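The structure appears below as structure tokens.
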Amino acid sequence: PHVCVVGSGPAGFYTAQHILKHHGGARVDIYEKLPVPFGLVRFGVAPDHPEVKNVINAFTQTAHSERCAYYGNVTVGRDVMVAELQQAYHAVVLSYGAEDNRVLGIPGENLSGVYSARAFVGWYNGVPENRDLKPDLSCETALILGHGNVALDIARILLSPLRLLRKTDITGGSLAALACSKVKRVWLVGRRGPLQVAFTIKELREMINLPGARPVLNATDFTGLENAIKDAPRPRKRLTELMIKTALEKPGEKMMEVQAVVAQAAAPREWGLKFQRSPQEVLPTTDGRRARAVRMALTRLEGSGDSAKAVPTGDMEELECGLVLSSIGYRSLPLDPAVPFDTQRGIIPNSSGRVEGIPGLYCSGWVKRGPTGVIITTMNDSFDTAQSVLEDLQAGVLDVAASREGFGAVESILRSRGVRPVSFSDWEKIDAAEVARGKAAGKPREKIVDPQEMLQLIGH
């Protein structure tokens, strides 16, 4: 059987890996719109979290299988249509992720100084389309809307000492901009309370321990929470206890060394969590061009736990800030009119990865279940979809007797449209160049951010 996977992030690679491992004869071709593979492992994971990127080694092993091929620089839905892939393959799996961000939908969202978390992360991580973002870092206070791990990543990058960032694969351009940054205060704002934050304890602890930055948590936000979390699941309990401890601890209460207390009190930078505030409008500077503050509605919570709803109280508050980053989630987009898409939920309607009403078409990852979870969540989800493909091969739902040419058929379509795919060995040349440039700068790699430069490098 010839199987085609669209998208080379974790969902695509884990789907391919599982099919190749459990079917001795299957061939899997992976298509990717960028020349370079690995999706959000390369472009989403924070530069100072290199250990999370180790999955790239397993993906590379999959790509090196003689039954697997990688075709980068091919945009499905433009260079080749899904129907054309279905003609060429026994099964087509859509694993193209969530390539857009949710919008706030409030006045002033388009002012200069307001950016989506997605674009900002893309800027410091080398996503080609975000390379010219040039965020304005000339203000002292930044406001991040959202209480997830991406919000904490951004806060950490904004406040990290340069000596730490210099050792990472952060892009050269963003490192230079951060070196001139005036930002010294970051507020992370959420509509709900401390019991509803979406970030995890590892990321919070890292933020609390960030050198030269002091956490500012309001004790009143946390009073009485000890009782509320008595029966909470353990991860939620530990996370809340860490916030309570950080909020209520006066420097010097636990016998820390005097230097540490002094250092903490004199820390040049600070960050804090603000709760039960819902953004209503980004307010402009007098010239009407740039962000100056965010007006927020104070909220109260109805219900408890994860299902609690934030309801405006009628009170308002303004928070001064020159930089606003909205980190309220990613969003999948329809790829091709031939594929059903639930715009409400932002997913392809499916059951166990089988696309509703279209035999032989599957989906995995964020476009299958929505943009939540970490790499391990996506791994399990992709194995589930791969299992559906294997079951359908076994049960004869997919007609393997019908010959399918796979890439042979697609190649002539791409050639007729003037599209030249990038192979995995081409990527390895780009990879080697990035690592060599990084070595010269004392970094693990210096990412190339211009696709044209990538293509030149491999002689395209």
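Even glycines carry a Cβ here, placed using N, Cα and C.
Feature annotations, courtesy of TrEMBL:
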type	residues	note
BINDING	A11, E32, L40, V76, W366, G373, V374, I375	FAD binding site
BINDING	H147, G148, N149, V150, R191, R192, E203, G373	NADP(+) binding site
DOMAIN	2-158	domain 'FAD/NAD(P)-binding'
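Feature map: annotations from TrEMBL on the structure.
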residue: A11; record: FAD binding site; CB count, 10 Å: 31
residue: E32; record: FAD binding site; CB count, 10 Å: 26
residue: L40; record: FAD binding site; CB count, 10 Å: 21
residue: V76; record: FAD binding site; CB count, 10 Å: 23
residue: H147; record: NADP(+) binding site; CB count, 10 Å: 24
residue: G148; record: NADP(+) binding site; CB count, 10 Å: 20
residue: W366; record: FAD binding site; CB count, 10 Å: 29
residue: G373; record: FAD binding site; CB count, 10 Å: 14
residue: V374; record: FAD binding site; CB count, 10 Å: 12
residue: I375; record: FAD binding site; CB count, 10 Å: 17
R191 (NADP(+) binding site) and V374 (FAD binding site), Cα-Cα, nearest whole angstrom: 23
Integer mean pLDDT for the domain 'FAD/NAD(P)-binding' (2-158): 97
Those binding-site residues listed as R191, R192, and which of them has the most Cβ atoms within 10 Å of its own Cβ: R191
I375 (FAD binding site) and R191 (NADP(+) binding site), Cα-Cα, nearest whole angstrom: 26
V150 (NADP(+) binding site), number of other Cβ atoms within 10 Å: 24
Using Cα positions only, nearest of the binding-site residues to N149 (NADP(+) binding site) (A11, E32, L40, G373, I375): G373
Alpha-carbon distance [G148 (NADP(+) binding site); E32 (FAD binding site)] in Å: 28
Rounded distance in angstrom between the Cα atoms of E203 (NADP(+) binding site) and L40 (FAD binding site): 18
Residue pair I375 (FAD binding site), V150 (NADP(+) binding site) - Cα distance, angstrom, rounded: 14
Cα proximity to G148 (NADP(+) binding site), best match among binding-site residues A11, V76, W366: W366
Max pairwise CA distance, angstrom, over record-listed FAD binders A11, E32, L40, V76, W366, G373, V374, I375: 25
Rounded Cα-Cα span from V150 (NADP(+) binding site) to W366 (FAD binding site), Å: 16
Residue pair L40 (FAD binding site), V150 (NADP(+) binding site) - Cα distance, angstrom, rounded: 12
Cα-to-Cα gap, V150 (NADP(+) binding site) vs G373 (FAD binding site), nearest whole Å: 12
Most distant Cα pair in Å, residues H147, G148, N149, V150, R191, R192, E203, G373 binding NADP(+): 20
